[in-house]
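Per Swiss-Prot, the features are:
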TRANSMEM  4-24  transmembrane segment
TRANSMEM  38-58  transmembrane segment
TRANSMEM  68-88  transmembrane segment
TRANSMEM  101-121  transmembrane segment
TRANSMEM  137-157  transmembrane segment
TRANSMEM  175-195  transmembrane segment
TRANSMEM  214-234  transmembrane segment
TRANSMEM  259-279  transmembrane segment
TRANSMEM  290-310  transmembrane segment
TRANSMEM  323-343  transmembrane segment
Amino acid sequence: MSNAITMGIFWHLIGAASAACFYAPFKKVKKWSWETMWSVGGIVSWIILPWAISALLLPNFWAYYSSFSLSTLLPVFLFGAMWGIGNINYGLTMRYLGMSMGIGIAIGITLIVGTLMTPIINGNFDVLINTEGGRMTLLGVLVALIGVGIVTRAGQLKERKMGIKAEEFNLKKGLVLAVMCGIFSAGMSFAMNAAKPMHEAAAALGVDPLYVALPSYVVIMGGGAIINLGFCFIRLAKVKDLSLKADFSLAKPLIFHNVLLSALGGLMWYLQFFFYAWGHARIPAQYDYISWMLHMSFYVLCGGIVGLVLKEWNNAGRRPVTVLSLGCVVIIVAANIVGMGMAN
């Protein structure tokens with residue numbers, strides 16, 4: 001396995017670790033509605049940071065974006081909006097299926113759809129079937145899916161042992177939402193694929209290869225921001241128990257505390273895709289679809305590890321922790337199989 005591929009896998013791991021931890025600051029926000037908290041974090045992660053970093057990277061910010069036709073920008077934006085819909089469905093999936101089953105089904109579907117649909121769309125799926133390296137990467141995807149399933153099972157055992165249940169368990173509604181979440185969340189993978197002309201244009205302007213994907217985030221995350229912020233603002237305006245004015249009428253120290261923590265959560269959310277871009281840049285072009293598989297499987301891996309570190313599994317008993325550990329090992333094996341396939 002080459003150093004470039006190893007570093008690509010490493011940066012995807014770092015990005016996934018940030019994704020697994022980003023909600024921790026949000027949990028410490030006090031006396032704010034989820035909608036206000038999510039909006040503040042989202043403005044930081046989907047608008048301020050993508051625009052600020054792109055302005056630093058590009059020699060002429062406006063000239064860069066105006067150089068693309070609507071036919072180039074629109075698919076990137078719409079796939080970003082597609083991801084935004086998946087993001088909202090994610091929370092609803094947890095409500096109706098519970099954390100473990102919801103995450104397992106949604107992540108499993110988005111891992112498959114986001115990874116395999118890209119080469120199908122590009123018309124080069126035959127390369128995966130007809131080459132040794134392609135077949136090995138497909139095997140890695142399958143092993144990763146098995147690892148996600150094992151971690152999901154560990155979560156179910158933990159919830160059963162600790163008496164944790166879904167907020168409003170509804171299998172039929174939850175499965176529909178989980179499938180929708182999985183499909184729509186893959187929009188981020190499709191957006192990165194559609195944004196290749198933007199990456200190439202950034203490279204032509206002298207942007208470092210590690211950073212060429214970052215300017216496209218202005219458009220991708222702009223699409224996601226409209227969906228997420230629109231959802232939050234509509235609820236803040238229509239739901240009687242929610243009030244943006246009330247949330248910002250608290251004592252100033254508490255408002256500062258909440259804004260700071262929400263912004264930190266937004267920063268950590270953005271960093272997952274900052275390092276995703278670094279990892280993506282190190283993956284061989286013919287295997288760039290594997291970035292999504294690495295990100296999602298490492299997200300599950302890091303989520304399990306973070307749960308252990310935060311002692312969320314302390315009262316779960318030995319068996320769930322053993323199953324979780326097995327799932328994490330399987331995901332690590334999957335990453336190595338994929339790495340060897342890309343190096344073949």
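Think of each number as a place in line: the chain as shown, counted from 1.
Any Cβ shown, glycine's included, is placed from N, Cα and C.
The stretches the transmembrane segment (214-234) and the transmembrane segment (137-157) do not meet in space: the count of Cβ pairs below 8 angstroms, excluding pairs fewer than 6 apart in sequence, stays at fewer than three. Here the transmembrane segment (259-279) lies next to the transmembrane segment (4-24) in space: the count of CB pairs under 8 Å, restricted to residues six or more apart, reaches at least 3. If you count C-beta pairs under 8 angstroms between the transmembrane segment (4-24) and each of 68-88, 101-121, 137-157, 323-343, the highest count goes to 323-343. Below 8 angstroms of C-beta separation, residues 99-101, 103-105, 107-108, 111-112, 115-116, 128-129, 287, 290, 293, 296-297, 300-301, 303-304, 316-317, 319-321, 323-324, 326-331, 333-339, 341-342 of the same chain, each at least six residues beyond the ends of the transmembrane segment (137-157), sit close to that stretch. Residues 8-9, 12-13, 15-17, 19-21, 103, 107, 110-111, 114-115, 118, 137, 140-141, 144, 147-148, 151, 154, 186, 188-189, 192, 272, 276, 279-280, 283, 321, 324, 327-328, 331-332, 334-335, 338, 342 of the same chain lie 6+ residues outside the transmembrane segment (290-310) yet bring a C-beta within less than 8 angstroms of a C-beta in it.
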